[in-house]
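Taking it in order: structure first as structure tokens, then the write-up.
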Amino acid sequence: MLKLLLGDPNARKLKKYQPYITEINLLEEDIKVLSDEDLKGKTAEFKQRLAKGETLDDILPEAFAVVREAGRRVLGLRHFDVQMLGGVILHSGQIAEMKTGEGKTLVATLPSYLNALTGKGVHVITVNDYLARRDAEWMGQVHRFLGLSVGLIQSSMTPSERQKNYECDITYVTNSEVGFDYLRDNMATSMADVVQRPFNYCVIDEVDSILVDEARTPLIISGQVERPTEKYVQAAEIALTLQKDEHYEVDEKARNVLLTDEGFAQAEELLGVTDLFDPEDPWAHFVFNAIKAKELFLKDVNYIVRNGEVVIVDEFTGRVLPGRRWSDGLHQAIEAKEHVDIQPETQTLATITYQNLFLLYPKLGGMTGTAKTEEAEFERIYKLEVTIIPTNRIRRREDLSDLVFKKEIGKWQAIARECAEMHELGRPVLVGTTSVEKSEYLSQLLREQGIPHELLNARPENVEREAEIVAQAGRRGAVTIATNMAGRGTDIILGGNSEYMARLKLREYFMPRIVRPDDEDVFGVQRAAGLPTGHGAGQGFVPGKKVKTWKASPEIFPTQLSKEAEQLLKEAVDFAVREYGDRSLPELEAEDKVAVAAEKAPTNDPVIQKLRDAYKRIKQEYEEFTSTEHDEVVSRGGLHVIGTERHESRRIDNQLRGRAGRQGDPGSTRFFLSLEDNLLRIFGGDRVAGLMEAFNVEDDMPIESGMLTRSLEGAQRKVETYYYDIRKQVFEYDEVMNNQRRAIYAERRRVLEGQDLKEQVIKYAEKTMDEIVDYYINVDLPSEEWELDKLVDKVKEFVYLLSDMQASQLEDMGVSEIKAFLHEQVRIAYDLKEAQIDQIQPGLMRQAERFFILQRIDTLWREHLQQMDALRESVGLRGYGQKDPLIEYKSEGYELFLDMMVNIRRDVVYSLFMFQPQPQPVVQTSSEMV
């Protein structure tokens, strides 16, 4: 009712931006007639206008019109009005909700171009290396055409490559890389090692996945700590003998375990110890982790074992996360459970959450298909508004009502039947599953029924073919099973993706003849000259595969190439070999040539022109088939998406649904659920158990009930609230750390940039002297009773060069005079020390100052992080004593921080006065942290 009276706030907001769109459209004709050179010249013109005092908003309409025209010329894509609207919203620092297939990637070019004109740099953030690389190659062409530099950060890059890429006007990078680089920069020991510029503006693609789903996971850089591996092995054996419910209880919701009294007794007896918590020989931590590993972390669901290593599977995207490890000894406990080599445990050196990382940007915008469900969170934590952008074409997707089964087995059989029916009809099907294990179970059922299908999950052999499988998922009768398709980045095009197939065919012929043999490393991420890039589309890692063939599965191509097309392709590749040399390019550079050949950007390279002609011809031949098939699939109802379990968040369910019915295509979705699904079991509780009894139906008969659907949605809302509270708590606690982190990193940066740190060290020394005076002199006592001899001894402890000082020198002075006298003495002593040191090597004292300050900051900050962790755990228990844990954490954390700052000062003063370099060798100015 209120909406009717006040109007929809979203519509009001869109209306406010409408004049921009009108103005951009009016400029379109004028800009269309410009030559390529004149269009490129606009960039310099805009920069001059900004220098003369115009604002970004003043030049927005013309800048957006220029990007639209550049996109049309280079990519053959013209931004629709709704995409322009999305661009304006991103530029104004909001979140734009745009449905799947509405061209979010193209929208990002608008605000990133406009904000890059300031010269301060723009980051376009994606969820994985493959997408960052794809966007930098694809959308980067628009920016390069307009004269801006485009950078790309990939996980395998060296610091100097990172530095070069962050210097670019627009840098494509994943959220984790930008976070780890920020932390590493704040551990650098010289400015030359710092890779990032100060943050300015970023556009986050799939913003909900990064700012909401990943917000519970802090980024951590860690160093190794030695811990006895046999303790993990013993604890794993004990966990096997302990019985659930008798010796321990499992809290699935909080993902925690609690030992019962019997459990403690049993574990202590088996280990032959009297107390699991004995500080001299602690066992509790190992035993708890071993039980968690047994009960809460399941193989092929939470992790897979590959090449003798435990590799985490991301619960949101279903991708493997090689190199990431669970902390606090949990990963080691799982390694012990799986009988693989146990890697050393780690200690946190630096950490930040994504929430606080992205709050460091003065302005940020984000895009996603599903943000409205988390609108409150975006506004509370990030102060970001969500604006829904209308779709360009009317949506024709049909969301069918859920089918709920009593038993899980009945549900899977029904899904297999539905796949078979759709396959018969010739409709493509996409099934989203929540784990590797479930996807393989369904695959087995379909194999038994003889239904051809593709499987896409975290297993390495499937990862490699990811883009290839997705390109096929829209073909007639195709059945694709995928673990969490969230944010997969490759669109499912009905009838098949002819562009991608043509690109694969080009790679198949070109790569084996051009790639340098030594460069074919198993992971396909060798460093290369030229454009710094990472994983090629559809590349991955296949253990034991030493020689790459680049051959795609033959059934991926819709038809045999004509003789003419094949001839054209062979000639283009022969010409490339003549020009570049046989097997002469690094793999990534070769991937790059294929990528550019498959685009429309102007090029002067004759090899790319020839490859492009061949590519166009192949694409045209494939298109004849795919376009007929497209019409056929559309007439049969389009893509059918099956969800096999409700996710923790309605948003991820909506992302899965959003794969169907893109850009006005028809499509349908349906969720198949069972009363044994995790969500219902953990959060639906007893009500559902009661319902199960009430429904006296067969296992494979679907139940449709309003009460059940409401129960389901209630459970999902409960989960969302539960996780929102966790994220809010993570945020509130990290907020305390964040203020401390900013202070310490700012101090560190001052030291890194400071040319002359002598004054800073002297300030430290003076402050230390003041603290000694305040400690030993009680102003309430008469001066005869002051402990001047102890005071002088303490001063000499810090500054041995003042060994001649006597307490009698201070006898007739007041407190402020003593302080002034000590300040003077400490300065003289420091000059003396400097003269001694610089005799050994001129300028050595300056290097020593920087080294000691950084080393103390790093070492004490590292210890402080551990103290704060311990404090956080202990304040949690105070909640029982009617005290607010957060307030306790804030006040005690602040005390710890002040203590640390004092200790840094004192340690630096002490270390510098005690510093006795040996003649000859130069002091190494690198801290122990790196």
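Cβ from N, Cα, C; glycine included.
Since we're looking at a predicted model, the values are computed, not measured.
What Swiss-Prot records for this protein:
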type: BINDING; residues: Gln83, Gly101, Glu102, Gly103, Lys104, Thr105, Asp491; note: ATP binding site
Gln83 (ATP binding site): tally of other CB atoms within 10 A of its CB: 25
Packing count at Asp491 (ATP binding site) (other Cβ atoms within 10 Å of its Cβ): 18
List of residues, in chain order, with Cβ under 8 A from that of Thr105 (ATP binding site) and at least 6 apart: Asp135, Trp138, Met139, Asp205
Fewest-neighbour residue among binding-site residues, criterion Cβ within 10 Å, set Gly103, Lys104: Gly103
Secondary structure of Gln83 (ATP binding site) (DSSP, helix/strand/coil): helix
